[in-house]
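Read the structure below first, then the notes.
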Amino acid sequence: MLLTYEAMVEAAKFATVWVPFCRKHGIEPRGPESYFELKSHPYMGRSQEDFVNDRRRVRKEYDEFKARINGLEHDIKQRSDAYNAARGLKDGEPRATWMADGSQWEGTWVEPSENHRKGDHAGIVLVLVNHPSHSRQLGPPASADNPLDFSMVDVRLPMLVYVSREKRPGFNHEKKAGAMNALTRCSAVLTNSPFILNLDCDHYINNSQALRAGICFMLGRDSDTVAFVQFPQRFEGVDPTDLYANHNRIFFDGTLRALDGMQGPIYVGTGCLFRRVTLYGFDPPRINVGGPCFPSLGGMFAKTKYEKPGLEMTTKAAVAKGKHGFLPLPKKAYGKSDAFVDSIPRASHPSPFADAAAVAADEATISEAVAVTTAAYEKKTGWGSDIGWVYGTVTEDVVTGYRMHIKGWRSRYCSIYPHAFIGTAPINLTERLYQVLRWSTGSLEIFFSRNNPLFGSTFLHPLQRVAYINITTYPFTALFLIFYTTVPALSFVTGHFIVQRPTTMFYVYLAIVLGTLLILAVLEVKWAGVTVFEWFRNGQFWMTASCSAYLAAVCQVVVKVVFRRDISFKLTSKQPAGDEKKDPYADLYVVRWTWLMVTPIIIILVNIIGSAVAFAKVLDGEWTHWLKVAGGVFFNFWVLFHLYPFAKGILGKHGKTPVVVLVWWAFTFVITAVLYINIPHIHGPGGKHGHGGAMGRHAHHHAGNTHVTELYGWP
Ligand SMILES: O=c1ccn([C@@H]2O[C@H](COP(=O)(O)OP(=O)(O)O[C@H]3O[C@H](CO)[C@@H](O)[C@H](O)[C@H]3O)[C@@H](O)[C@H]2O)c(=O)[nH]1
Ligand SMILES: [Mn+2]
């Protein structure tokens, strides 16, 4: 949409001031919004006067820039109305949207019409800032209309291009994966840099050294087998108590970092630096994924060893003659653009063609760049399967990284401080549940696809395979969790218990499971640097997500696999901009009802009622083993403890007062207990049927009168 384009034009204009200013004074962070919000003293160690003046000036420029951005929508509309009026359009004639230079905008129009509406428009490639020169370019000294002295500063800006791929109704554009593939081809034609940084639209660069840090892992000794460098995702705008575990610390600082000791972290969609050729389906130059534990297991059964193509295959002459034999896939798999295919050897062997000035953004290049982003380009090619981002799942990231790992590529984890990139997270319960629903659905889709990690090539490190199996099957935990969180509490009501008299083996299993959990927890807290509080938050949100989103994901995927119905992708909406100043976390307690909330609510009720009934039975004298009852009730409370953030979330703005949840729960508890005692009911044995068990053993007989509760197992 023209709005995005013109906002980029404004940003490019502001950058001519902002970037040299940052270079001159070593400004950090480089995002102007976060920089100007800094509370700490920004004057430390800098030449006072010059800096203070420059800063004041840039601040003013920034405020004006923001005002222009905010006014854009209005300006574009007004300008277009003026142009359209000047042309004396009759009623019913389409009203075009006009660019500042007086030409018609090709993309989506303010008033949609044929070929100019969302999902139906031509492709557009517009160069906003062209290739910078290779040598330093100093700026102008201070002058009357420009008080900023840039005479000692390099003022070059990197190339900046607006790309909007062609969209047609009824065409599967493959969402983000499709967008990334179009961008990859487009950038190959325009710049063909050997490395690609991929950021979501809701992320920004927070540390100017991030790229350099990442590149080190790509260029260092022995790093030619590294396909991508993954940075942890960091978020801002999350409430301080991180009610729904948005920071995901265990995953980023524990899991991803641990994977670094094997073949490398999985690709998580954003904050990732790629080696371009790995996206083209190239194999690594060597296989060395074994690591210290399994030095030769990786690739042990591999039939073919990859050989690096001779450089003679990639010379200009050879390429001109159409010798594309060095390509890992047939030439036609890459699509019909010769310009694109010719860019591949230059990306895989950049040195002979180091002369990058050869790449010019002339008219022919631009029309080629548009051509590779057309909707039909990928028809009958390998894009989306063997080349580029992989299609067919809503979590294209995991599977794209996976396909590189099974070729024997490694990946690296790069965590730096200040955080390399920062993004926004959904702080609202509903959005958060939808987000994990999408992730868990995507994971299962991968499991039920040809990319099931059970069958991946032997180049995959054995433990890496275990990690991939875990990441594609974890939603199944929902089935067990639902059982664990309801059956014990229901047993209090019905009086039938699954575990009658735990055996020694039962206790041994229990001890092993608890011991493992404890070791894991210690590792996560001590080694990954996750605080104990964050650790609990993680556990709490895991239970919430598991009994709602994971369960729904399992159902959705079963429907997809059985009935072949497609799953729709909903963009995660983040907290709305606007009255941020008032309460930045206002969205946290906005309740939007969803079916995903049903199971957790049921589980909460079942556990409160179960405990209340048990309590009543003891009061009533029906049960005498009160200590054992207490054990079971404790387990119910443990479940409730995990669902506490969820309960807070659904209470909406009342949940802001922490005690309110507890008051509600206590109320339900008391009512149930009182009702149970006062309503006449059948005391005594039941036991017509047994429950199936995920508890390690089944009770084969129900001793009708034993009112004994025991430990039910621990989640
Ligand atoms: O049709 C689409 C939908 C999404 N996007 C991009 O995809 C990103 C991810 O979508 P978002 O709504 O921000 O989802 P999140 O849940 O925040 O994203 C996480 O999960 C996704 C699915 O696993 C990954 O793709 C993301 O990189 C990862 O940050 C967006 O920022 C967009 O840049 C598109 O380009 N086209
Ligand atoms: Mn996102």
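Glycine is treated like the rest: Cβ placed from N, Cα and C.
TrEMBL annotations: computationally assigned, not manually curated.
Remember, it's a predicted structure, so these values are computed and weren't measured experimentally.
Sequence annotations record features per position, and here TrEMBL assigns UDP-alpha-D-glucose binding site to K175. Cβ neighbour count for K175 (UDP-alpha-D-glucose binding site): 15 (other Cβ atoms within 10 Å of its Cβ, all protein chains included).
According to TrEMBL, the Mn(2+) binding site annotation covers K176, D200. Taking a C-beta cut-off of under 8 Å and a sequence gap of six or more, D200 (Mn(2+) binding site) has these contacts in its own chain: G269, T270, G423.
Annotation comment: TrEMBL describes 474-499 (among others) as transmembrane segment.
Marked as transmembrane segment by TrEMBL: 506-529 (among others).
The annotation transmembrane segment is assigned in TrEMBL to 541-563 (among others).
For 590-614 (among others), the entry in TrEMBL reads transmembrane segment.
Annotation comment: TrEMBL describes 626-647 (among others) as transmembrane segment. Long-range contacts of the transmembrane segment (626-647) within the same chain: residues 243-244, 429, 485, 488-489, 491-492, 537, 539-541, 543-544, 597, 600, 603-604, 607-608, 610-611, 614-615, 617-618, 655, 661, 664-665, 708-712, 714-715, each at least 6 residues beyond the stretch ends and with a Cβ under 8 Å from a Cβ of the stretch.
The transmembrane segment annotation in TrEMBL covers 659-679 (among others).
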Same-chain residues near the transmembrane segment (590-614), Cβ under 8 Å, at least 6 residues beyond its ends: 428-430, 433-434, 437, 482, 485-486, 488-493, 544, 547-549, 551-552, 623, 629, 632-633, 636-637, 639-640, 643, 646-647, 649-652, 665, 668-673, 676, 709
Cβ atoms near K176 (Mn(2+) binding site) (within 10 Å, other residues, all chains): 20
Distance-selected binding-site residues near ligand 2 (C-beta under 6 Å), from K175, K176, D200: D200
K175 (UDP-alpha-D-glucose binding site) - helix vs strand vs coil (DSSP): helix
